[in-house]
Amino acid sequence: MTALTRMKFPKRYVIVLLTFICTNVCYIERVGFSIAYTVAADAIGVNQANKGMILSMFYYGYVLSQIPGGWAAQRIGGRRVLLLSFVLWSLICGLIPLDPKREVILVLSRLFVGVAQGFIFPAIHTVLAQWVPPQERSRSVSLTTSGMYLGAAGGMLFFPSLVKHMGAQSVFFVEAVLGVAWSVIWLKFSSEPPRTDLPKVSMPKVASREKIKAQAGGVVAPRTVKIPWRRIIFSLPVWAIVVNNFTFHYALYVLMNWLPTYFELGLQLSLQDMGSSKMLPYFNMFIFSNIGGVVADHLITRRILSITKTRKLLNTIGFVVSAVALMALPLFRTPSGTVLCSSISLGFLALGRAGFAVNHMDVAPKFAGIVMGVSNTAGTLAGIVGVGLTGSILEGAKASNMDLTNSETWKTVFFVPGYLCIFSSIIFLIFSTGEKIFE
């Protein structure tokens, strides 16, 4: 990293790499808890509804801090917000014992980890909006967010064996160490964005006057930018982003939190016996997320399609293909078929992020963190609804004497996000735009 900074390696690339590692570690933590808690809870016979409640507590905390996260990043800087958030959740992971019988402690710890991590993604998008020029945004955001999926893949591959040999508590220790390590690296190598690192662009007259004044020795007073809350809340393009963010995270969180249970109970297959195949759905997300970013930037920079058409095209392809794969998933009763369907579904969902997930930087580059906070609030609500509802669906099936190994039991679980994907793609096609609507 030091060698890179000494060379003529643009600092913004270092920032993008660090935010990629940041999202990687965050999702290692989320997948790690789901695996460790599932093993510990199943060992003592915790019912599916209670499991769903504990797994969803993270999202209750997460939803509380999305908009405050965007506001904080706007006011004190995304760099500081990221550092404080990481240190907080890392300390909680390192100090809290994993005991399914101590539900109050688990509820509070997951709530506070959710609050801490809720500041992270609005802060990341504030940082990227400051550092990354428009022609690099699709691939930069896609690379950063692909860290989530690589982290999930790594967690699915590594943690089942760790739990088997070292116990469920060891997962928390590993997560805490990774969190602290990233915090130290971020503190050392990140910085506030200087104007000189970005490619030269024409600056507004106001900025030019400020620059002249600063060069003359004058002090330029920082301007407080008024956030157009009303226009944001009532903007149809923003709502198109919000709806798609909700659907993306509903599908992702249901699969992330309940796919281990589907393998264990639906297919009667131990995660430890699946080898590397269990990481393929998330690794596929990593690959397709970056493909989507590169394709989007190519279409835009070569002027093959407008920004608006590019976002709509990739979003539609991603969500529609994902919907088909989701609804086909419970029809496959073999491990290979399930891995194939979940890989296609999650991979194309990640491809669709080159549509809706970058769009807030198109429509509101100055308020990217705020719009991200608003849309990610919807995404977090999807986690609360989806994860909790799935637990209730499965518990209701058991109460009706339905076997969890029966594919009919799981159809509702996977059909709901499938239909949501189709609905959301239509909304984005109709209402989204790639034009700047907030100055």
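A Cβ is built for glycine as well, from the same backbone N, Cα and C atoms used for every other residue.
The following features are taken from Swiss-Prot:
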SIGNAL    1-28  signal peptide
TRANSMEM  53-73  transmembrane segment
TRANSMEM  81-101  transmembrane segment
TRANSMEM  104-124  transmembrane segment
TRANSMEM  143-163  transmembrane segment
TRANSMEM  167-187  transmembrane segment
TRANSMEM  232-252  transmembrane segment
TRANSMEM  280-300  transmembrane segment
TRANSMEM  312-332  transmembrane segment
TRANSMEM  338-358  transmembrane segment
TRANSMEM  367-387  transmembrane segment
TRANSMEM  412-432  transmembrane segment
Proximity verdict for the transmembrane segment (167-187) and the transmembrane segment (81-101), three or more C-beta pairs under 8 Å:
yes
If you count every Cβ pair below 8 Å, which range out of 104-124, 143-163, 312-332, 338-358, 412-432 shares the most with the transmembrane segment (53-73)?
104-124
Intrachain residues whose Cβ lies under 8 Å of the transmembrane segment (312-332), provided they are six or more past its termini:
244, 247, 251, 292, 295-296, 299, 305, 338, 340-342, 344-346, 348-356, 407, 410-411, 413-415, 417-419, 421-422, 424-425, 428-429, 432
